[in-house]
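Novice: Quick one: the structure is below, questions incoming.
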Amino acid sequence: MASSTQPARNGAPSVGDPSAGALLSAADVARMVDRMAHQLIERAAADAPDDDPTGLSGLVLVGIPTRGAPLARRLAARIEAFSGVAVDVGTVDITLYRDDLRRRGVRALEPTVLPDGGIDDRLVVLVDDVLYSGRSVRAALDALRDLGRPRAVQLAVLVDRGHRELPIRADLVGKNLPTARSQKVSVRLEEIDGVDEVLVTDGGVQ
Amino acid sequence: MKRHLLEAADLDRDDATLVLDTAAQIDQALAGREVKKLPTLRGRTVVNLFYEDSTRTRISFELAAKRLSADVINFSAKGSSVSKGESLKDTALTLEAMGADAVVVRHWASGAPHRLAHWVRGSVVNAGDGTHEHPTQALLDAYTIRQRLGRLEGVRVAVVGDVLHSRVARSNVGLLHTLGAEVTLVAPPTLLPVGVGSWPAEVSYDLDAVLPKVDVVMMLRVQAERMNASFFPSAREYSRRYGLDARRMGALHDDAIVMHPGPMNRGMEIAAEVADSARSTIVEQVANGVSTRMAVLYLLLGGSPQ
Amino acid sequence: MNAYLIKGARPLGGDPVDILLKDGRIAAIGDSLAATGAEVVEAAGLIALPGLVDLHTHLREPGREDAETVETGSRAAALGGFTAVHAMANTDPVADTAGVVEQVWRLGQEAGLVDVVPVGAVTVGLKGERLAELGAMADSAARVRVFSDDGHCVADPALMRRALEYVKAFDGVVAQHAEEPRLTVGAQMHEGDRSASLGLTGWPAAAEEAIIARDVLLAEHVGARLHVCHVSTAGSVEILRWAKSRGVQVTAEVTPHHLLLTDACAESYDPVFKVNPPLRTDADVEALRAGLADGTIDVVGTDHAPHAVEDKESEWAQARPGMLGLEQALSVVIETMVEPGRLDWAGVADRMSVRPAAIGRLADHGRPLAPGEPANLVLVDATARASVDPAALASRSRNSPYAGRELPGRVVATFLRGVPTVLDGKAQK
């Protein structure tokens, strides 16, 4: 991966005190999304091939359902607002690639939709709401492998709460939220939950 | 979802809808892909236990299981010494010992999958039992109807032919009713079971009267040997009264579709020009069979619900 | 000294009395009897009935001793309160000669638990083609009076007519398995709503009723005795009622399972519920109970049909039809007829002892509980209730349709000619 390989550990907006279990507000979320959009534009430009000076035509934002999907669409909308270039968006359902079926049981499938051009030889940025164990991302990488052969794959998440179980890290993070394993992090988005906010609650069994 | 899929009645409306939605998502996920394989059931074993020849059903289940990365064992008991009496139980115990996670069973005896379900810990999927049921056929039919017509609620379906001996008819009547469609059975009275009045379906002996009123015509295979048991006088008379030919197809409204579970007797219950027409969904049904069965295997084997 | 003093039993449910059995006969009945040397059987609260008689038992010997033998079946019968059972002819070899019926009869004598009365086949090999040597069987040591191809219908009307006529010579009776074979090809269960949805080939009621209608007309025409086995439909009861009103010499039997169970049992596809004729509908059950209550149906016959495990633990269509009945027959009659008030104890004695003995022409069975009569009787605790455990049955087979079902009535003691075959609910040999 070219460009900045350092996750935005210290670059997130400073908002409130997450360890108190408090929330990020709708305004916080909007700021985080804007910031990530800018960073994506920078990354794409830094890595742009000759025939695509902004690098944005080669970019595909692929959301991981449920909340990664609207997040990817928002990022695309903000990128277009900032750069004037419409970027491709898709979703990839990872349910059939999960490794915890026996433990967690079946769940309803979500759509997998790729842009007409597919993902071959493009820069795919996986988008999810929370990065936790990394298992969802691994499943998404497996799914992408069956869907095509991207030039590169990067990962953007709104919240990184730590406690990785796999050697996976995000290229772009909206906000690092140090949490205890016993805590529950909930990202709620307007499109699905009717409100934008991030909650950290204690004692919930994940 | 229940642990087994033995008959249409095992699916309530939510379960049935979940199967159809899952099949649609799988179709979408696999559309246009080079690698039509998912890792979902890696390490699971699916046994196809067939006591009756049915290459198309076996292949459909086999492909479904393989596309979900399950290990598949085909066990054909047809014609071997394994086709009598308590051997079903012995076979069940053998499969149990092999650690089968699912047994897909086709059997000439009605109720055999129900018996099997008593003896194995894995899930049992009925792939057609005697003259009883064939629930995955009904699911793929419902999926096909929904795909073509965009809905199932209120859809009017005529099921035409040998209802008496048809497991496809029994499963379709049950499942389509569950999903809100309205079924009319059309057959000569000899090919309707005594007791059909208790089914959630209308009954008619007159195909011409029914055709203009339906959205779907589902033709059932009629075996010529029924003629010898006096269910009807001759193949010609049957075809004249209950066969779907081009003239009859003209009585259908513009959007109506024609279905057949296969294998077809062209010229008997369905004319070639009907089977090959744009209304015909026969090829789609085959393709939809694979995704529907993938959905069933996934939902039964994926693990117990959260 | 062979004497038993039964204290405080209630004959046919009447007032408690003492009953003294001596030398194979009832020596005395009265209050506060005393007898030195007699073994006392405390029977306070128990119902005393004449020993039960079954017109319809499959003992499977010779041929399928893995499913039942004369001895194991006799023990099951004694535990069910029976003192005589008619052993059906569909053995291997078929009981269609004097030699086979005498063998069965002798095995019964040796077992010594009930009187085993062989039934002779009507036709050679049960094939329905030509008459077996009915007279030879009647004249044999087995003294056969009941003839039946049970399991198969004597479908040929001319052959049936000849059989009915021929057995008049020795006061015999033909017990017909009423099933029109062409209407029941491949039949698996009662034809109706449930067979339609279960996809099991239907056994139409009309296939039974058509044969009964034909046979009562034939019996009337030739002036012969006809017995109809295991009547199972409301229509059959109607035809029998009509025939009896015309004076036809017809008697009929109902099984315990047809009094209790319906075709709903088939929904499990468990072949323990597969039987021929099949379990019918609620309406049929009601008509059978009414027919038994008003006497249109004369007797309860068990159609006790033991089957080896491999003949039942299979697909429904593959399984053999039939279910156990001897050990639960009385309990089912108490449940379906006595407790609802449709039959009193005298009625039970009539339908399960007096009439079947009369049909089979058994002189020593089905007699009144009175001094001087043969001491064949059973003591029943009608209030006991217990869940049926197939593993605890005396039959060699386990195909009881009542497994896990709680039923009333417990046979405490059975006496055959004054000798207890069952005491304290346990077989004595």
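From the backbone N, Cα and C atoms, a Cβ is placed for every residue, glycine too.
Note that TrEMBL annotation is computational and uncurated.
Pasting the feature list from TrEMBL:
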DOMAIN    C:47-234  domain 'Dihydroorotase catalytic'
BINDING   C:His56, C:His58, C:Asp150, C:Asp303  Zn(2+) 1 binding site
BINDING   C:His58, C:Leu59, C:Arg60, C:Asn90, C:Asn276, C:His307, C:Pro321, C:Gly322  substrate binding site
BINDING   C:Asp150, C:His177, C:His230  Zn(2+) 2 binding site
ACT_SITE  C:Asp303  active site
Novice: Looking at the binding-site residues C:Asn90, C:His177, C:His230, C:Pro321, which ones sit with their CA no more than 10 Å from the CA of C:His58 (Zn(2+) 1 binding site)?
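Specialist: So the list is C:Asn90.
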Novice: Does DSSP give C:His56 (Zn(2+) 1 binding site) helix, strand or coil?
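Specialist: DSSP assigns C:His56 (Zn(2+) 1 binding site) to strand.
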Novice: Name the residue among the binding-site residues C:Asp150, C:Asp303 whose Cβ has the smallest number of other Cβ atoms within 10 Å.
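Specialist: Looking at the binding-site residues C:Asp150, C:Asp303, the Cβ with the fewest others within 10 Å is that of C:Asp150.
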Novice: For the binding-site residues C:Pro321, C:Gly322, which Cβ has the most other Cβ atoms within 10 Å, all shown protein chains included?
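Specialist: Of the binding-site residues C:Pro321, C:Gly322, the most buried by Cβ count within 10 Å is C:Gly322.
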Novice: Could you state the CA-to-CA distance between C:Asn90 (substrate binding site) and C:Asp150 (Zn(2+) 1 binding site) to the nearest Å?
Specialist: 7
Novice: If you measure from the C-alpha of C:His56 (Zn(2+) 1 binding site), which of the binding-site residues C:His177, C:His307, C:Pro321, C:Gly322 fall inside 10 Å?
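Specialist: For C:His56 (Zn(2+) 1 binding site), the binding-site residues whose Cα atoms are within 10 Å come to none.
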Novice: Could you measure between C:Pro321 (substrate binding site) and C:Asp150 (Zn(2+) 1 binding site) for me? Cα positions, answer in whole angstrom.
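Specialist: Here the two Cα atoms are 12 Å apart.
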Novice: Given the binding-site residues C:Asp150, C:His177, C:His230, state which is nearest to C:His307 (substrate binding site) when distance is taken between Cα atoms.
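Specialist: Comparing Cα positions, the candidate nearest C:His307 (substrate binding site) turns out to be C:Asp150.
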Novice: Near C:Asp150 (Zn(2+) 1 binding site), meaning Cα within 10 Å, which of C:Leu59, C:Arg60, C:His177, C:Gly322 (binding-site residues)?
Specialist: C:His177
Novice: Can you give me the residues near the recorded Zn(2+) 1 site, meaning same chain, not C:His56, C:His58, C:Asp150, C:Asp303 themselves, Cβ no more than 8 Å from the center of the site's Cβ atoms?
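Specialist: Residues close to the Zn(2+) 1 site, other than C:His56, C:His58, C:Asp150, C:Asp303: C:Thr57, C:Met88, C:Gly151, C:Cys229, C:His230, C:Gly301, C:Thr302, C:His304, C:Ala305, C:Gly322.
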Novice: Quick one: pull the CA-CA distance for C:Gly322 (substrate binding site) versus C:Asp303 (Zn(2+) 1 binding site), whole Å only.
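Specialist: Each residue's Cα considered, C:Gly322 (substrate binding site) and C:Asp303 (Zn(2+) 1 binding site) end up 8 Å apart.
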Novice: Just checking the binding-site residues C:Leu59, C:Arg60, C:Asn276, C:Asp303: which sit within 10 A of C:His230 (Zn(2+) 2 binding site), CA to CA?
Specialist: C:Asn276, C:Asp303
Novice: Quick one: give me the count of other CB atoms within 10 A of the CB of C:His307 (substrate binding site).
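Specialist: If we count other Cβ atoms within 10 Å of C:His307 (substrate binding site), we arrive at 26.
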